[in-house]
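Listed in Swiss-Prot:
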| type | residues | note |
| --- | --- | --- |
| BINDING | THR12, GLY13, GLY14, ASN124, ARG163, SER189, ILE243, ALA262, LEU263, THR264, VAL265, SER266, GLU267, GLN288 | UDP-N-acetyl-alpha-D-glucosamine binding site |
Amino acid sequence: MKGNVLIMAGGTGGHVFPALACAREFQARGYAVHWLGTPRGIENDLVPKAGLPLHLIQVSGLRGKGLKSLVKAPLELLKSLFQALRVIRQLRPVCVLGLGGYVTGPGGLAARLNGVPLVIHEQNAVAGTANRSLAPIARRVCEAFPDTFPASDKRLTTGNPVRGELFLDAHARAPLTGRRVNLLVLGGSLGAEPLNKLLPEALAQVPLEIRPAIRHQAGRQHAEITAERYRTVAVEADVAPFISDMAAAYAWADLVICRAGALTVSELTAAGLPAFLVPLPHAIDDHQTRNAEFLVRSGAGRLLPQKSTGAAELAAQLSEVLMHPETLRSMADQARSLAKPEATRTVVDACLEVARG
């Protein structure tokens, strides 16, 4: 092995999945990858399954916490810093890559204190607290969306690392002429109950002759009741609690209705898919709206705020694009033009460049 690399990412799939893509690229180049995470994040399941050694530190977020938690915070942060220092001194990595989550704060500071080159990557159009704090001390600041960070010599717009099998060329789907449009509804692995309620009612108002074929990921707890909602309004739909093969789902779809998480937006561009985006209204710093605007500005998506979009409005917008397939084709072309197929390699290149000094 050429040396150790330490990846820091935790909490949600939006941080962990891009980090796993980078881990595979590091391994392909002959580096041993170790992972720094927290005991409560999704990394505890995904990282061991990927065959990577996982090192845990005790740290949690501060936003929205009560006074008691805020009083304890300095001690907790100091403890997590010493834990991260211990891991880095043990591994002696050639570089540390942080992709977000609470773990990256103490981990990034520990890298700096140990003189290990630090690279950070921000998946969203609005930088998270940890990445904003680490940007001044990082050797490279990678961003998925342009201008997330202030302009500097160390800023690099890379896109989001996305699994290679999600990239589809313009000829991967059957032409829209003479067939129904395929509509994919995604609410994340847990499902988005507002979408589960809105879509059946809206699709019932779409004229039958243009109504799309529907595949709806409703979440494990909501699949049964969502299927019943479709049956109640006499709309045929394939409702699933979870979709494990997203590459196949994207290849099937012609249009997606979904939230606007960073990874979802990047996957839409990789697959060349137009989207109606309903950002999570309570996301930190409203970052999902900013993510969605990236697609909307280019004509690849439409923004539908949850609070102001009812069934009639959604039905009208759906009917418009369903009656004009050329609109969907144009949106798909715009989405594909935004894809960054080299994102993973670019991030890893940046890490190894600073590692070499």
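A Cβ is built for glycine as well, from the same backbone N, Cα and C atoms used for every other residue.
A map of Swiss-Prot features onto the structure.
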residue : record                                        : DSSP class
THR12   : UDP-N-acetyl-alpha-D-glucosamine binding site : coil
ARG163  : UDP-N-acetyl-alpha-D-glucosamine binding site : coil
ILE243  : UDP-N-acetyl-alpha-D-glucosamine binding site : coil
LEU263  : UDP-N-acetyl-alpha-D-glucosamine binding site : helix
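Taking Cβ-Cβ distances under 8 Å and a sequence separation of 6 or more, the neighbours of GLY14 (UDP-N-acetyl-alpha-D-glucosamine binding site) in its chain are GLY100, GLN123, ASN124, GLY261, ALA262, LEU263. Counting other C-beta atoms within 10 Å of each candidate's C-beta, the binding-site residues LEU263, VAL265 are led by VAL265.
The Cβ of ILE243 (UDP-N-acetyl-alpha-D-glucosamine binding site) lies under 8 Å from the Cβ of LEU186, ARG215, GLN217, ALA249, each of which sits 6+ residues away along the same chain. Local packing around the binding-site residues THR12, ARG163, GLU267 was summarised as the count of other Cβ atoms within 10 Å of each Cβ; on this measure the leading residue is GLU267.
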